[in-house]
Structure formats: structure tokens, C-alpha cells
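Visitor: Encoded as C-alpha cells, here's the structure I'll be asking about.
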Amino acid sequence: MERGLTGCYVPSIAGGVNCQAFVPNPLPPVPPLQISGKLQSRINEALLALGRLDAISTLLPDAQLFLYSYVRKEAVMSSQIEGTQSSLSDLMLFEMEGQPGVPMDDVQEVSCYVNALNLGVQRIREEYPITFRLVTELHQALMTSGRGISRGPGQFRKNQVWLGGHRPDEAIFVPPPATHIDQCWADLERFINDIPEQTDPLIKAALVHVQFETIHPFMDGNGRIGRLLIPLIFVEAKILQEPLLYLSVFFKKHRQTYYDRLQQVRISGNWERWLLFFVDAVAEVANKAVATAKQLSDLLSQDKLRLSTLGRISGSASQLLDALFRQPIANINKLAELSGLTPATIGKALDAMEQQLSIVHEITSQKRNRVYAYSAYIDILNQS
């Protein structure tokens, strides 16, 4: 449905250049969303996929084994959209205090995203509402190291920014002036918290994402916070028990369409077209996450069976595999912490798992402080 411009342009100045900044209307859309048969069908498909994904957290023997790496995969993909080059292996090696194969700032930024996401889920479970306090706390966590430390951590921006183009008067989009941010956020916060009326959580997540990206309240990190809000809304609404839905892979794959749909909402008010894109993203990503969880569960079962051929050390090797499933790149100290085994026992089991079965691989080529990778596990995550 074409509603026309979903806000207004106001004069602003960025970098000494006059420009027109866009101030969005408050949510919900006016006129109300038109949920047609096609859109309703796709919404239903997305909800079914979310239900299957949520079941993973109860059907897997230990959902935390899956969640640890899946959260880190999202952190990598969300940060790659912003230009970092870190891989999943780089992040896990960094967490082991190893030397990643990319600039340290890149990996630090990804690690901060993991911290921000974990903090967000913790706060939601402590029944914090999604408000200015929570969003700025998450931004503070996101920007505490790497390049973000000089970009106003935890503070709404004080300056005009623009997206695309070398100059603000050539920009693809100019968000609201800093003087409008407080009111724009206050309006969005009311909508998020169902004031004055309740909104279906799936539709809410879709609308909130656009509005947050449009307001662009921070100097940096808006895209990552905007994507992070999606699983937090689902966890808060108890659609998901664990934050297992991350759309960064889909948004990166369909980057131009993603940006086009955001801009179409602002210019023409076509919220329904954005909703179709969003619910298709939810359905595809949720279904792929379920398939990935099954692959990982099957891998664990198959490798446990292979370990049974190792004789007396098979029991220790099985405990070690559980530890690697929890953290697939780890050194002996970390494996001792996770498994409760002694370093000597771990060393013997790792030798057998590497030399006889090729289940793990040492990745540093060092004689001391060696780091081992459960490569098949990481390969499945990288393919998902």
C-alpha cells in the first residue's frame, strides 16, 4: 500500500553543508497495515518456522552447546555488514588469546557484539523493558573497544550524519537532526512497549527495525543495534526461549534489496512490501537454523560413535568432545575447565582424536599453548 512520505524533511547542516534531514512519523503506520491473503500466508509461514526453531531449545540435549557458536556466527555476520573482515575462527581464536588472521580492531568489535547480545538477553530475562536505558547500555557494551571507543559509546549522537555519498547534499539518506532524536526515540519506545495498543511481536520487530534504522540515533553501531533488537523482541515476547534467530546472513545476502525496502518505506510508505521481505527473511533463517542444529546434533552422535573405537580413553575422549561442542576452538586449559579432565588425560585423548580419527586439528603449530579446532563443527556453521 502506498501511503506517501512517512515523515517530513527539515533543514539541517552536516559538516558545514546545508541538507534536508528526514524525520519519521511515529509508529504504527497510518493508514493501518493491510494484511492481505498473500502477506498473511507468509506471516503464518514465518510463525511456523519460529515455532520449529523455538522447539530446538527444548529438543536438543543442551541448547547452550548450539547457542554459543550460533551467537558468535551472528556477531561475525552482523559486523561484516559494517565492514569488518573477521571470520568465526578469528573470533574464537581471539577469545583463546590467540593471534587472529585479521586486524585486532576487527575482532574486538565482533567480540563486543557478542557481549552486547548476551547482555541484552540477560536484561530481558531480568524483565528490563526495551527503553532508552537498555538500548544505550547495549550500545555502551558494543562500542567499548576497537574503533567504536571514540564514537560516543552509550550516547545518542550530537551531530548530523548522512548515509551514502561523499557530501550530505549528495546522500542517499539523511537521518533526523540530533535535536529530534530524543522525541523520535520516545515515540518508538512507546510503540515497542505496546503503548497505547499492543502489536503482534513479529510485525513489531519488522516495524521497529525500520524505524530504528531511520532514526539512526548513534554516531556508529546503529545497524548492529538495530539487528540485535530483533531477537530481543522475540525473546521478550516469549516467541523464542533462546535468541536463536539472526537475520544478518539474509540481510547481507540481499543487501541491495534490504536497503531499497527501507528507503521505499520512507519515501512511499509501503510498509507491506517491507513486511513481505522481513517475514521471508525470518522464515528462511529460522528454517536454516533448525537444519543447522540437526546437522550439528547428527555430527555429535556420529563422532561419539567413532570415539567408541578408542578403547580405554574413549570415555575421556567423549567428555572432551562435549567440551569442544561447547567451544569448538580451545586450548588445553579451556578444555580442562569445560570437561573437568586433567591436562595429561586431555593430551592423550586429543592425540588419539587427531592422529587416529582426524576429529580435531591443532591450528597454531606451536609446541606450547596449542589450540585445537573441531573443524567439522565450524564448517557446518560457516555453511549455514
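Each residue, glycine too, has its Cβ placed from N, Cα and C.
Where the annotation comes from TrEMBL, it is an automatic prediction and has not been curated.
Sequence annotations record features per position, and here TrEMBL assigns ATP binding site to Glu82, His216, Asp220, Gly221, Asn222, Gly223, Arg224, Ile225, Gly226, Arg227, Tyr258, Tyr259. Here TrEMBL flags 130-280 as domain 'Fido'. According to TrEMBL, the feature active site maps to His216.
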Visitor: My understanding is the cutoff is Cβ-Cβ under 8 Å with a sequence separation of 6 or more in the same chain; which residues meet that for Tyr258 (ATP binding site)?
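Guide: When sequence neighbours closer than 6 are ignored, Tyr258 (ATP binding site) has Phe251, Phe277 within Cβ distance under 8 Å.
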Visitor: So for Asp220 (ATP binding site), how many other CB atoms are inside 10 Å of its CB?
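Guide: By my count, 19.
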Visitor: By CA distance, which of the binding-site residues (Asn222, Arg224, Gly226) lies nearest to the residue listed as 'active site'?
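Guide: Closest by Cα distance to the residue listed as 'active site' among the binding-site residues Asn222, Arg224, Gly226: Asn222.
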Visitor: These are the recorded positions: His216, Asn222, Arg224. Which one scores highest on other Cβ atoms within 10 Å?
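Guide: Per the Cβ count within 10 Å, the most buried is Arg224.
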Visitor: Could you please provide the mean pLDDT value for the domain 'Fido' (130-280)?
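Guide: The average pLDDT of the model in the domain 'Fido' (130-280) works out to 94.
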Visitor: What does DSSP call the residue listed as 'active site' in the simple three-state scheme?
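Guide: It is coil.
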